[in-house]
Each structure stands twice: as structure tokens, then as C-alpha cells.
């Protein structure tokens, strides 16, 4: 049984990577931390979506929803990959996506950080029709966010007493569509086997 936290900046291709992973491995359960939080918030507060969850729930209750979601994830059996964020860019800074009180409850065996060339990330973001109001960023902004993710991932791994595994797609040539996603899914699969 492996419990892995998967993090990356928006636009790296996490969703596509996880799609390839679950096609390759039927024994892996992928869970989105924000979806688990939303499910709890809907039941408890009648919240309709993630924006409402952030805006309408007082901070203490929001933290309680975070805690309950982490506890639910920790109870999941088998190989579990948690799709979440190491850091969230807000108001020109970064907020921890894996605070100590949450990561210790999830009890991961590994935190996997996926990084990519900022130009590739920006190109993917530009073609994402589901996020038309996304902030415009420069390659330097994306690289800074990836650096912040590394720091937050290392801090979370120290708190959870687990390993950090970095899949750096900048060092992998992509000669055909989705080659990076297939490569990263393969690396995740290897890690699941190693943690087994």
C-alpha cells in the first residue's frame, strides 16, 4: 500500500498524468484533496462549489473541513495518489497547500513534485478553455512558483517523515504529444511498486 501526494504548478499536466497512471494501473485510487473538502463542505454547510467554500466558510470551520478531508484520505486503503498543491499562489505570495497539521494526518509515504519548462506550462495554460480568467504570468513567475513548491514539499516531507521525489520534465525530451505525461505516469508507477 502506497500513499503518495502529487503536486505541481497549474499547467504541468497533473490531470493528464493521473489519467495515464490509472489506465496503466487499475490498482491505484486517485483522490483530489479539494474534491474531498468540497464533499464535506456541501454536506455540512450547503456549499455549492470551491469558490463558495473559500469565501463563505469561516476560517476555523474551513480548517476543520481540511482536517476531516485529510483524515478521510488517511483511511483509504490500497495504493492512493492524492492530487493537491504544495503551494497556492495568492495576493502575490504563496500559501502552504500541505501545512504541518494536514500532512501529518494524511500520513504519506512520498510527496512527488512534477516540474516542467515554464514555457511549456504557459502554452498549456493558454490552451486551457476551462480557465479563461486565469492570471497572466511570465516564465519567471512560473519558475518562482515551482521553486516555492520545492520548498513547501521539502517542509511537508520533513513534517510527515516521508521522501520527496522530483520528476523534472525539463530534462526529458518530448517528441510526441503526451510523451511527458506517459513518462511521469511510468515514474509514478515505479514509485508505487517500490513503496508497495
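Any Cβ shown, glycine's included, is placed from N, Cα and C.
Same-chain residues at least 6 positions away in sequence with a Cβ under 8 Å from that of residue 14 (ATP binding site) are, in sequence order, 6, 8, 83, 114. Residues or ranges marked as ATP binding site in TrEMBL: 8, 9, 10, 11, 12, 13, 14, 15, 16.
Taken from TrEMBL, the feature region 'Disordered' applies to 125-145.
For residue 12 (ATP binding site), other Cβ atoms within 10 Å of its Cβ number 27. Comparing local CB density within 10 A for the binding-site residues 8, 10, 16, the maximum falls on 8. Listed in chain order, the residues near the ATP site other than 8, 9, 10, 11, 12, 13, 14, 15, 16 are 17, 114, 116, 121, 124, each with its Cβ within 8 Å of the site Cβ centroid.
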